[in-house]
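Feature annotation from Swiss-Prot assigns ATP binding site to Gly12, Met13, Gly14, Lys15, Ser16, Thr17; the stated evidence is sequence analysis. Summarising the annotation, Swiss-Prot assigns domain 'DPCK' to 4-197.
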Amino acid sequence: MTFRLGLTGSIGMGKSTTAQMFVDEGCALWDADAAVHRLYSSGGAAVAPMRAAFPDAVVDDAVSRPVLKHIIAEDPQALKRIEAIVHPLVAEDRARFRDSATADILVFDIPLLFETGGEAAMDAVACVSIPPEEQKARVMARGTMTEAQFEQIRAKQMPNEEKCARSDFVIVTDTLDHARAQVQDIVRQIRAGNIHA
């Protein structure tokens, strides 16, 4: 019996690091952001439909995320058109992974799991969490966005407290050792049959 575990959490909470910990425990991982990256890359399934809808968004035969951000900033309605192209392709990618993976636990790393209703396809959901001030400090330390951009992203996401309240597991990512211990405990519980698919 394959167990489907959704992994979610807001920006800067340590989701990618936590996802790798599940892989270290023998779980198979599907990463929504990586799937979009594949679709946007040269030869990816999203390139042709995006070129048809937004010709300027395709640069060197790949979809340019910076150009897409600019398009969305200029025309907020463009986001719905982009999602209408990308979401079905992401769903196909996820289904291919689900149907071909051989691990007993499949982890689906999906930042907007609850926002998109994806939890319905999961047997359980784990949410990563740290206090808001630590979240902000982590994101700012990356040096990849301004404080205003961070606040804009955070405003679009469901509050992390709500994500945690709706999840079966909350993984506090204050330290690597603490996070790893929680991941190992979740995997143990699932494999022992304490959490049913």
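Heads up, the Cβ atoms here are built off N, Cα and C, so glycines get one too.
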All-chain count of other Cβ atoms within 10 Å of Ser16 (ATP binding site): 16
Cβ within 8 Å of the mean position of the Cβ atoms of Gly12, Met13, Gly14, Lys15, Ser16, Thr17: remaining residues of the chain near ATP: Gly9, Thr18, Val128, Arg138, Thr173
Cβ neighbour count within 10 Å of Gly14 (ATP binding site): 22
The domain 'DPCK' (4-197) [mean pLDDT, rounded to integer]: 92
